[in-house]
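Undergrad: Questions regarding the structure given below will be posed in turn.
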Amino acid sequence: MGSSTAPPSLSPRRRRKRILRKPRQRKRRLQKPNLQHPMRHPTPTARVPQSRRMEKVALPVVLSSGSGGNDSGSSGGKRGRKSDKALAKPVVPEIYPQVLAIPIAKRPLFPGFYKAITIKDPNVAAAITEMFKRGQPYVGAFLFKDENADDDVIRNADDVHDVGVFAQVTSAFPMNSQGDEGGGLTAILYPHRRIRLSSLIPPGAADASKAVPAAEPIPEASPKPTEEADQKGDVVASFEESAVEQKPETPKKLHEVTSFLKKYPVSIANVDNLTEEPHDPKSQVVRAVTNEIVNVFKEVASMNSLFRDQISTFSISQSAGNVMSEPAKLADFAAAVSAGEPAELQEVLESLNVEDRMHKALLVLKKELANAQLQSKITKDVESKITKRQREYWLMEQMKGIRRELGIESDGKDKLVEKFKEKADKLAMPEAVRKVFDEELNKLAHLEPAASEFNVTRNYLDWLTQIPWGLKSAENFDIRNAMTVLDEDHYGLKDVKDRILEFIAVGKLRGTVEGKILCFVGPPGVGKTSIGKSIARALNREYYRFSVGGLTDVAEIKGHRRTSFLDHYMDVPVDFSKVLFVCTANMTDTIPRPLLDRMEVIRLSGYVSDEKMAIAERYLAPQAQELAGLKKVDVQLDKAAIEELIKSYCREAGVRNLKKQIEKVYRKSALKIVQDLGEEALPEAEALTDEGKAALEASEKEGKAQEAGKEASENETTEKPRLPLKVPESVHVTIGKDNLKDYVGPPVFTSDRLYDVTPPGVTMGLAWTQLGGAAMYVEAILQAALRRSSRPSLEITGNLKTVMKESSTIAYSFAKSWMAKEFPDNHFLEKAKIHVHVPEGAVQKDGPSAGVTMATSLLSLSLDTPVDPAVAMTGELTLTGKVLRIGGLREKTVAARRAGCKMIIFPQDNMSDWLELPENIKEGIEGRPASWYSEVFDLIFPNLDREQANKCKICDNKNEADEKSDDDKSD
């Protein structure tokens, strides 16, 4: 691994003597290593001839511990001479107190093992290049303490560990392809020994006055010894002799060697050599640790081929051939080839005790073994899976080929193609659709099953063959049958039933029907979804239900299963002209206007008490009794109990909550019956069938099994058929109004009426909500006593939105105008500070229909006359007193009836809506239309004493002065 060229430490006079004696032979010997190191850049010196001096110093010796090269055989000189033997030995300065300091990242260097580093700093690269030219390629390498640090110069001694290595730069290669000296380079370092950083000269800190001039070559430092050497004739000293002769002068000369580096902004370190502590080669501990390291090396080498090559190279480099004799070097090698943590490797480098170093190196090597074992396991697992899959694939292909040859079974793809063909033959596809189908089927036949396009094409053909091309249901246009089916499933809903009957009648007259889009709008629980299923049954059509709630992206709807947008996904025309679409919604505000215009909207109002009673008796109670297992048991739910449920527990517009409460009543009844009968009525052993008993025995045998197995056995047992409990005929359960609380708890609602007797300023209005109608009170109070100095104001609360706030302002202005015209002497509103509030502030309220109610509250407060609590009103009010049309009269009428009202006042324009209301809804309520507010006023205050109402309510000046004097006295 070494070269026999002259080392840089050879004295000038001896070097000059050798060049003068054998110029031809020396020239040939020096040209040969130049072929091996083409990137060396020689520079001339002053005393030696230029060509030979360049060749001499430009080729530093490539050294490795314990070995050296010998090229003397090709030099033409005589063999066996003392000078040739001396040149074959690697010579490295034993004392080199000042070196170029280079920081190393990630992991430290160890003596005897090469390391390539990259120098990016052009100043450091230039310094190394000049070191080559001068034949002094020695540096100190120290590990960064920070793993993420990246620099070519040591700025502070605390940034690196103080223990490093003295290394020789054996070769250097420029990083750019042109070989310019101004860029970075890649250097190969060969560490020789451990050193300690005693002091650091950072970049720019060197004293230029004390530096040796860089232009003066080192050989000229002692010209007198050179002349003496010329007088000695042919004597050529060995490296060892030269080193001994120059030893007293070495420190001074070596200090001068690196003086030229001070002109570069590089880090220079003063270092001290570190020597290993003496150890006993026969120590049992050292031998044992050495053997363990060798064994670990063998194990790692058996699993890692790269590791095995490194071990082979290390073994070859050992001249003695026995690693047992050099345990320190073995420890260094173990640390050098291990991928350990930088701190652990640095500890090995800093350890001068051989035994301690070997223990630390063994620890690092053990971790490397663990990593190698894990990597080997992962590799084996992956290879095993790959091999298994390849073997399975190969066997499957062989089996397919054998079956195909024998005709036993065709390929799965062929069977799939045949299945699609059979489906298509049963359908009357149009010509354009059949053409698309044939093209896609042909594509599927030529695709490999593993291809991604195969599944896409298969899914498309699957959907294409699921459309009932040419298949139509045999429609039933029997009006009486349709009425019977609709009445069986639903009570009420006259508007919906009439529209379906109209649809059937038109189809019967024309002989065919056209597709329609119906939209049922109403509160939850009124039967919108279930009526759609009843319509399909009445028309004898197929029924498909899907939900598009929450879908906003049209891409999500186009390819949705069973949707009306199937034609977009199929990209073929699909006839939907005969399809009856039934849509349901709670409100129309969220439906896009273009879609709403294409739909026929049918509004479903909430149920009144009579309708809920009929639905509960006909449908809800029988279904709940059967679900609770009480179909053959005498359990009676009284009509009074149902009325109490409707009145005090279920006031919503629909019957969904009523259904839950009835089911709860029957479940509670079932529990009481089983508890009263006791377990003796049907013991568990008798209740199980044969299958149940077998499962129970199996679970008992596995009683000590794992918990998961126990749970599985128990689940299996409970799923087995059981015998139902037969309740004796003597058992009777009756749920009435008195004991209803025992089943469903205390009442949720007491009454919709907040006031049994309303004070002045309180009026009942009516509101429409998504859940139906509701009673809404408007309250008005006087905030302060009326005085002539008072200023009027109006404060409004109750979580009112913009439109309703405007209604309150209009009502206030109209009330002031009404009082000024009808009661000019009553100056109440001219001086009063009024606060208007709408209860239930947690609920947002909006709409113009509360204008009449608010104006009535203000007038009631101004006239100090209460409003009849059994009167409710609704209507939008203008500034001139005109009462305008409102919506939701049916829901509001239901709410008024539920609140116990006897009269409802509504706009004249809603009279047609009132006449269309069923009689059961209007029963007990008097409807009074009004076009102007004057009509409303006469209905609200029929017996008003106008003379009393026209009196002034404001305190006179005398009373006001007395009150003011009283206030001053109290102060």
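Each Cβ is built from the backbone N, Cα and C atoms, and glycine gets one as well.
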Undergrad: Any idea which of 179-207, 208-236, 266-294 is down as region 'Disordered' in TrEMBL?
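TA: Matching range for region 'Disordered': 208-236.
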Undergrad: Distance check, please: Cα of K892 (active site) against Cα of S849 (active site), rounded to an integer number of angstrom.
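TA: Cα-Cα, rounded: 11 Å.
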Undergrad: Including all protein chains shown, what's the count of other C-beta atoms within 10 A of the C-beta of K892 (active site)?
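TA: The answer is 28 other Cβ atoms.
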Undergrad: Give the sequence-ordered list of residues that share a chain with S849 (active site), lie 6 or more positions from it, and have CB atoms under 8 Å from its CB.
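TA: When sequence neighbours closer than 6 are ignored, S849 (active site) has G765, L766, A767, W768, T874, G875, E876, I886, G887 within Cβ distance under 8 Å.
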